[in-house]
Amino acid sequence: MAKSFLSLLFIFLLSSILLTTAARTLTLTNESSFSTKTYIIHVNPPPPTHTTQSWHLSFFQQTTSAPPPILYNYKIAISGFAARLSDHELKAMKAKPGFLFSTADSLVPLATTHTPEFLGLLSSSGVKPAGGLWNESDFGRAVIVAILDTGVMPNHPSFDDHGIGPPPEKWKGKCEFNASDCNNKIIGARAFLQGTQAMGNDIVDAASPLDTVGHGTHTASTAAGTFVANASALGSAQGTAVGMAPNAHLAVYKVCTEFGCAYTDILAGIDAAIEEGADVLSLSLGGVSTMFDLDPIAIGAFAAVEKGIFVSLAAGNNGPEHSSLSNEAPWMLTVGASTMDREIQAKVKLGNEEEYDGESLYQADSIAGELLPLVYPGASGSLPAKFCFNNSLNMDVKGKIVICDRHDSMPRVQQGAVIKGAGGAGMILAAAQSDGYTTVAEAHVIPTSHVSYSAATKIKSYINSTGSPTATIIPHGTLIGLSSLQAPIMACFSSRGPSLQSKGILKPDIIGPGVSVLAGWPALPIGPNNIPAIFNMLSGTSMSTPHLSGIAALLKKANPTWSPAAIRSAIMTTAKNENTAGKPIQDEELSNADLFARGAGHVNPSKANNPGFVYDIQPSDYIAYLCGLNYSDAQVTAVARRTVNCSSVDPIFDVELNYPSFSVEMRPGFSRKVNRKVKNVGEGSSSYEVDIVPPPGIAVTVSPTLLRFSEGGQELTYTVEFIRDGTNSTVNYAEGYFTWVSSDKLISVRSQISITFTSK
């Protein structure tokens, strides 16, 4: 009896375990089958029997009356659509003819009173144009610049349309504000946030293109804001704020929020901008390095370039490590960031009388030069305290100046808020070792000085040298043109090459102002008193990108027949490679910046309008280039958005693409010949002689050494041969350049040379 009972108990327990396991398995299976994700679905172009929409609908199994879960039907940016799908639905879709591949949606991060003067567009008085490109382009009049960002504040003074005519007849855009909020400056404003919403993010008023973050208003006004007198941020950097192309129109596409930017939304914005008539696309965002066929931004940008639209993108803020950049396709302009010759200075003075330069927008003299106790919470070894994280302080900081180490995951202004909340009197923000000498001016909430890593190290040593360390912070206001600044200097955060996706293309292409840039702000509160501000300072490749977008708009207006590749060529070959002291541009360590940091150099707008000749590239060349990268037919088809068979295409290897710069891998005893074709956009009759500065260990010959043009638009070719000596190099990289100099010595067309040494 007992034995029989035990047997029944065992069977009961075993049955319970099996049923529970089965239930769990069923639950997991159901979750896998019925939970959904957002995917970008790439398909072949629609056959003649289908419209775009009907073709996309054919990939769904219509088992219910509910509409298919399509978020976006893309018309131009890619051949495909975005939809919410379960694993089961995606698997079924993959079996259908015409399906190419899918990618899961994800979020990518968002990557000027003085910059027009620093760039030579505004006179040294900061009051009137300096002539040159602004006059030659009529300030970008009638060019349409599309900003894909966090939206815009429509009634900001930077977007006043006084003196700006109506948009060109080709414009087909929409204004999703009240009609009165758009004008001849902001001619279009739309929101595309379905992808971000589908990820479960709670977005207030997702249908409105209103900027509630600040980033979009800042980038839009940098690219094409109109003249605003007496602009400043917390009283600093006072002057006339103006964008690069003040007479250009703006079309704003809100594809980003405080959560980031969904690829599906970015593609929808690109799709609309192309269809509605934009001339320039500006995207201050980017993810990680990705193969071009899997990169929605690269595919959308290619669609724009095919329509003659110039595309400017941020290199990213993941520097200074090598190969940290994104947006590296050769059909886009990849923009890095550097400083300008302005500093909003806040000095640190120690009890031993030593002084160190720092920066801050907080310029109120609330400490009044009083020496206060100086403490460093990080001395305890606590990492949270070292970075002044929330609720991390392990000591009494009331009435003291506190050193906080900078950390990528902690906003710098928030670090000051932590100190303020604990009763601290001020903050010394210590740059990380990788930051080097890069510091930025921001709207801090307490007296703050952001100091270099070198200065921070010395300040910490002072603390250890005395039992009662003291310090004060002394604001010195806005300083311009100091010889010590030697701008531009590379920003530490600016992402670097070499490109992971195409080693034969030198990236980034160009650098521009991206540190402590003052531009429009949508009346959000900043500073110690949380006062709504209409101008603010931000830093990042997000800030340098709209500078280049606006300059591209000026060049497009002045040269309406130039292709996107011709505009990029003009920007690159005329770039500056020396700072204001006439020395090579330096990096964040104050060493000479390499080509993987600075690319072609710092943009020089007025020179770019007279480049002599350009390196043009046709969209079909990019298709041949993709075949040269050994992409499959399906991969190239995804980028081209039409069927491509690489076996019928003459491939172009990346080093052979008609790019203005050269990036070549060389092994011992190796030689390589590459060809370039140039197009005369200058005087009808002109000649250029080559001047070569070869990379160490490499012999460079150019043939012919003299280019003679007899008419405008004429094309000539030349060959460059690179020969490596037989020795093994002790370095991995070398760089040089050659310059074509016009016979009158007025025009120099420079091509950078990057050499990667390999052992085999």
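Glycine residues also receive a Cβ, built from the backbone N, Cα and C atoms like all the rest.
Database features, via TrEMBL:
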- 1-23: signal peptide (SIGNAL)
- 38-110: domain 'Inhibitor I9' (DOMAIN)
- 140-579: domain 'Peptidase S8/S53' (DOMAIN)
- Asp149: active site, charge relay system (ACT_SITE)
- His215: active site, charge relay system (ACT_SITE)
- 373-459: domain 'PA' (DOMAIN)
- Ser542: active site, charge relay system (ACT_SITE)
- 656-755: domain 'Subtilisin-like protease fibronectin type-III' (DOMAIN)
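Regional average pLDDT for the domain 'Subtilisin-like protease fibronectin type-III' (656-755) in the model is 94.
For His215 (active site, charge relay system), the number of other Cβ atoms no farther than 10 Å from its own Cβ, over all displayed protein chains, is 24. Mapped onto DSSP helix, strand and coil, the domain 'Inhibitor I9' (38-110) counts 14 helix, 26 strand, 33 coil.
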